[in-house]
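Residues or ranges marked as transmembrane segment by TrEMBL: 55-76, 88-106, 594-624, 679-703, 723-742. Annotation comment: TrEMBL describes 147, 176 as UDP-alpha-D-glucose binding site. As annotated by TrEMBL, active site applies to 176, 484. Under the heading Mn(2+) binding site, TrEMBL lists 320, 344.
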């Protein structure tokens, strides 16, 4: 027997041969290749690593907890007796501090066990390139006026150009307005895609949203050279021509007659009455299975589908959740992708490899069987340098969601999320939940596109869901403005887990609000929806008890309690300042040992907050803006969210869904870029903010004036330092409000009526309180 070893840098081949002399026979059955042996060894498609410094942070949190307990002990042990001045406000401060302490404990669940993910896309390609699953992408729009069709088309084009086999990719646009303008824009985009997709692949374009890409003055990509410069100019001209046609039609409010005659899809609007009363409109603009559907290079194109589900005035349509459920059913008939990505219409793909990142979590041989969805962070492209309205959610995206991931996965936030289709359809977790990716075949019956469209329309009818499990046990849940959160929670309560992936290159970029009223309305909608969950059957306090980990349960509660922060914050923003004006101390003096826990908690909490914000990629001024918006949303958005939730719980009022306006006036945009706060028209929330700002200004000026007149300015610093600090910080935070009320002359200033009303109310309160 002869043992022969053949060594190369790639492999080791071992041959066991029999015979001697010139007659040597190598037994092929005994051939062993090291590369094959190595391939049999499990190599993960993703890794999970714990955050560094957790022990140090937990020690720091323990010291803060001790400080909070000492503050509460001080409040109880030093409470004024019955009949003494300030007793009731003291009790109110104790209640506010109890709430702040309780809520701070809740937030520790978001920082106690952070984990970070790393994917290996090269390993995915090596193992599964020929067996990648079908992926369906859902893009939802609801109003062509506040969600411009050209913006929506950029989102659609960015995902059509994914670095993914086009025959396994399908894009669905749900148009809840049923607008022929949106359909016309999608038709134009489908034609432009035949040029755009080859260009992206040829020059490795990033990002693949045409509008975002063409914002650069020069072509960017890996192709380079004179050839790309010429192609760049040509493709940019094509895009601008398409953009002009879409925006002209949008501005005029009608489709060019030649376009209507050219494409038979517009005939589906012949029976159209209004966006709340029309038949199902379904059109497959590109059939990825049709060999004739190719781009200019002859390569296949992804499937592209337009859907406007049927609506009737007598049938409630369940907003975005209803649109998503219609898409789930319709897509199951057309492409039936095992993986579903849903995006808001302004959230374009910023990385063509994102879909492969997500698949690393679904296709790992040993760790993927219990992962139901993969959530990416929600980032925005138009955030200013110092994040004027705190729209980037830096701490949530870079810190808190990593904390929820350590306890079984993040929340589903309604966009930038990849789902397993079967979990969206209600499947419960079991040990045999692993998908056999290689066994998935295309089982669609061969039929014409027209036959398929007609057969599938019934799945999007307004009566289809009657007497079914849709909206309850199947699909997205109904009955809440934040349907995404309760849907994700219910999936996790069925035994599934989720994963949070925050790649270095942002996966998706959207549009943030550019005015303060828009920001406040958006936060009201989110906080109201989360607060409603707390009182619903899906409350994490009882529905999730015993079904998910305690850490994740507390994490959900942290967001559900957003709105209830309003009362404690309002109390702290009003009464210490009023009692400062009256000269009554509510906090320990500098000479008192009880001053130390207050000083430590305040100093440590805000130093850590600043460090955390800077670590998350922010700036010092950005952190200050974040503190301002924190105060504004707690004293206005959360207040109205709490009131509305209580009224709806008692049966007064209906659930509504408010769409954030994606259109900004040119003057508004210029002021936004200069980081000038935009107030615009009056609203109850703006009036509350301006009144609180003026009240604190009057209190601070009044207290200082009284101290100067009584020659007791030094005593003021000794006896009431924390009240002066609190009132002074509130005044500094509100500087943009004072500018809008008193100094600015542009259109973004406060209306004069608001300035007069807020000043009079604040002055009246201060005067009345001083004489009580």
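Yeah, the Cβs are placed from backbone N, Cα and C, and that goes for glycine too.
Automated prediction, rather than curation, is the source of TrEMBL annotations.
The structure, with features from TrEMBL marked on it.
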{"residue": "176", "record": "UDP-alpha-D-glucose binding site", "Cβ contacts under 8 Å, 6 or more apart": "140, 141, 142, 143, 275, 308, 309, 317, 319, 320, 323"}
{"residue": "344", "record": "Mn(2+) binding site", "Cβ contacts under 8 Å, 6 or more apart": "139, 140, 155, 414, 415, 510"}
{"residue": "484", "record": "active site", "Cβ contacts under 8 Å, 6 or more apart": "411, 412, 413, 414, 417, 476"}
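Counting only same-chain residues 6+ beyond the ends of the transmembrane segment (594-624), those with a CB under 8 A from a CB of the stretch are 60, 63-64, 67-68, 70-71, 74, 78, 385-387, 390, 392, 394-395, 397-399, 587-588, 721-722, 733. Cβ-based neighbour count (10 Å, all protein chains) for residue 147 (UDP-alpha-D-glucose binding site) stands at 25.
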